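S.K.: Sending over a structure as structure tokens; questions will come in a sec.
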Amino acid sequence: MGRTGDLENAEFFPMTRRRSTSGTSSRSSTDSGLSVDTAYLEDNKHNNFANGTSGLTDETKYRDVEDAEADVDEPFLPTSSKKLGSGSRTRQIFWALVILCLGGWVLALVLFLTHGRASSQTASETLQQQESDSGSTSAGRPVTLQQVLTGSWNPRAHAISWIAGPDGEDGLLVQRAEVDKEGYMRVDDIRSQEGDDVDSQSGRILIDKAAVRVNGETLMPTFTWPSPDLNKVLLMSNHEKNWRYSFTGRYWIFDVATQTAQPLDPSVPDGRVQLALWSPSSDAVVFVRDNNMYLRKLSSESVVSITKDGGEDLFYGIPDWVYEEEVITDKSVTWWSNDGKYVAFLRTNESAVPEFPVQYFVSRPSGKRPPPGLENYPEVRQIKYPKAGSPNPVVNLLFYDVEKDEVFPVDVPDDFPDDDRIIIEVLWASEGKVIVRATNRESDRVKVFLIDTKSRTGKLVRFEDIANLDGGWVEPSHYTKFIPADPSNGRPDDGYIDTVIHDGYDHLAYFTPLDNPDPIMLTTGEWEVVEAPSAVDLRRGIVYFVATKESPTQRHVYRVHLDGSNLQALTDTSKPGFYDVSFSDGAGYALLSYNGPSVPWQAIINTGGDEITFEKTIEKNPRLASMVETYALPTEIYQNVTIDGFTLQLVERRPPHFNPAKKYPVVFQLYNGPTSQRVDRKFTIDFQSYIASNLGYIVVTLDARGTGYSGRKVRCAVRGNLGHYEAHDQITTAKMWAKKPYVDETRMAIWGWSYGGFMTLKVLEQDAGETFQYGMAVAPVTDWRFYDSVYTERYMHTPEHNPSGYENSTITNVSALSKATRFLLIHGASDDNVHIQNTLTFVDKLDLLNVQNYDMHFYPDSDHNIYFHNAHFMIYERLSNWLINAFNGEWHQIANPVPEDSIWDSVKRSVPAFAH
């Protein structure tokens, strides 16, 4: 799960040829603000649903099983004491087939006249869809599952690595060429493309060829990091993945001038290194091996041991599993000071953290051969995994004085106790000062400390009691920017820009001096900044950021002065847009990425003046634009619903050639984890698009209460009671959709993965078969006491403080789930994130009450992403086929089975018209 995220009018636009590659095409729209009185819906319960009819499909391979039931195998023919002759048996079968065909013809005629769903479409029906279509007019092919799973619909995107020039130049970027080309790694100066009057440098090759020879060995670097002075490059080969962000490898120092390399630690050339970072002065590398920290000064081949007691339970400079997954979302907890004189790093002690065994039945991820006699036993990896309420790792901040070769802590007053401290950010200022942000275990109290490493003292400079402010929490973030003093530009003191809560929304605040708790607000309003600030132009005193100012579903780029004045948009806000941006070191240039709703594109722009005078498009995605012209894509309808006073964002995906006179099955797809977002304006062709385009079903996604970017009122409503309000919102919206004239209320399903899997089960539990007949839950949490402490307690408090909340959030009412027609459970057997314990204990509850209306599939050795062997392709095929069978009514046929004792019984079951 991990940390994986106001529109008044609904907009109707087809994802078809009417999209433009520039992202500026207009779209037809219609207003649609929906509200509902939930008390009314609670008093108007639906009756039990009849057996499902055959599903809406565009291809005959998804036809109902009725077509195959005429060919009955001989073992299922009736038996009696008198043996039937072949003629008698043939005549019986013949007349049964005649009756079956006549009944099927009559039934098909009735269903056709009443606009019922046929198992395949006729030409006149297809024409009728085209004529009544409100969106797509393309006669192209439907999206295929193979295309989605192989990334054929993924936009091509360039990730530019901006780098500061050795002499303060702005606009330098690092690029890597194809492996078989010369000039494998080079630094280019984007200023050289602006014009003759711009002072710039020519490109410089850092690594000529990808293959590097060291002591007779050929290396193929997986990752490369140039030194700040661009004279050396840190290479990593022999990559091995650890957790989500972390990995290990062999590291090398490459000399640009001689095009030669040497081991990072010449005494241990084959040692696997967990982390390596250049010093700002380019004369040293700090690295971690076997959980201990080391320093390699380039002036010597010897290595200095910074720590010596690191080991299985003690980490230096790198996070343990839970910090990597839920707090830092990175592989490093090591920070060089700006002058290269100090290194700050975390010491993580997880000796008190209980272990969870992850078993591997097919593979051996460790790469080790088992001892003789144990070849037939699974490999077990013991993970230090703190579940809710269990001991957390104890984390302390330490400092290393490079010149004195000394490690020291700094005690600060008013710090959190060891068992109630989460350090979420460390930021170096100037003159050896450090800003440290920490929270309590439940993430609802924030303390900001200012530490002076020279005097080895510290003090508390800010305290925020989030629990008393709005009852919510604070998310870990790592975007705080240090603003150095510059009296000539009106900044007499050092400061920093942080994201704070202001009138119920996340906004930017400028704190100066460093110990001033009262900021200058840079942004305000009923919208939020996102992962901000993006960059700061210190010369001009301008802050750049991305925000939801136009709509929670959009992202635009803005700038504002450090005094909070002159807020301006850099992107075109007159049209829906979802932008991302990365700035050069001095914020004079940027890579602007348009990610939707039209075909994505990328351009490099200059931002150093009042106007953008330079723009170079580096990606237009022509292949993707051509595919959009060729394929019949769903129509996306963005709107909002208002439930219990909360305005929530929603997108409905309609099949191509949508016909409002027909009735369509509906699939609700959700994630709905706290602060997450699934309803946005990005260009996305995914599994949901495949369902709408290829299977012909409507897909609805609602960001219910608890989701992000709509303000803290919406976000914090779920605290302490995960699943309750989110499920209520999904069910309420589904009841609204069930009343729409084009929706088949007898064929409604819901599905999700991870938190979405939890929500699928919670919805089915709360709904008890009234609205949703089907559900598909992948890797679900079923009891929050089984999930990791940092994530869970942020939103639920500890089990000790909130026992009733944990009980309410657990999937316990399996009797309610038994009222659904059927549901599907899927889990990776080696999931290190959401443990298979969740699904197995839930299945035990089903067993105890003899609940049998479910299917289950486990994927051996797959983690939370379910990729091992053929799992990635198979799981989506499984989901697709299961859903087709559900909407074709086949799961009705396996409920309460009875043996067939005559051909006539088979006929009656095959032709519902004869069953009455």
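Cβ coordinates come from backbone N, Cα and C, glycine included.
Copied straight from Swiss-Prot:
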- 21-35: compositional bias 'Low complexity' (COMPBIAS)
- N349: N-linked glycosylation site (CARBOHYD)
- N640: N-linked glycosylation site (CARBOHYD)
- N808: N-linked glycosylation site (CARBOHYD)
- N813: N-linked glycosylation site (CARBOHYD)
- 114-916: topological domain 'Vacuolar' (TOPO_DOM)
- 93-113: transmembrane segment (TRANSMEM)
S.K.: How far is it from N640 (N-linked glycosylation site) to N808 (N-linked glycosylation site), counting Cα to Cα, in Å?
M.R.: 28
S.K.: Measuring Cα to Cα, tell me the gap between N808 (N-linked glycosylation site) and N349 (N-linked glycosylation site) in whole angstrom.
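M.R.: Between the Cα atoms of N808 (N-linked glycosylation site) and N349 (N-linked glycosylation site), the distance comes to 33 Å.
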S.K.: State the Cα to Cα distance, in Å, between N349 (N-linked glycosylation site) and N813 (N-linked glycosylation site), rounded to an integer.
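M.R.: With distance taken Cα to Cα, N813 (N-linked glycosylation site) is 39 Å from N349 (N-linked glycosylation site).
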S.K.: In DSSP terms, helix, strand or coil for N813 (N-linked glycosylation site)?
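M.R.: Reduced to three states, the DSSP call for N813 (N-linked glycosylation site) is coil.
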S.K.: Tell me the Cβ neighbour count for N640 (N-linked glycosylation site), meaning other Cβ atoms within 10 Å of its Cβ, over all protein chains shown.
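M.R.: For N640 (N-linked glycosylation site), the count of other Cβ atoms within 10 Å is 25.
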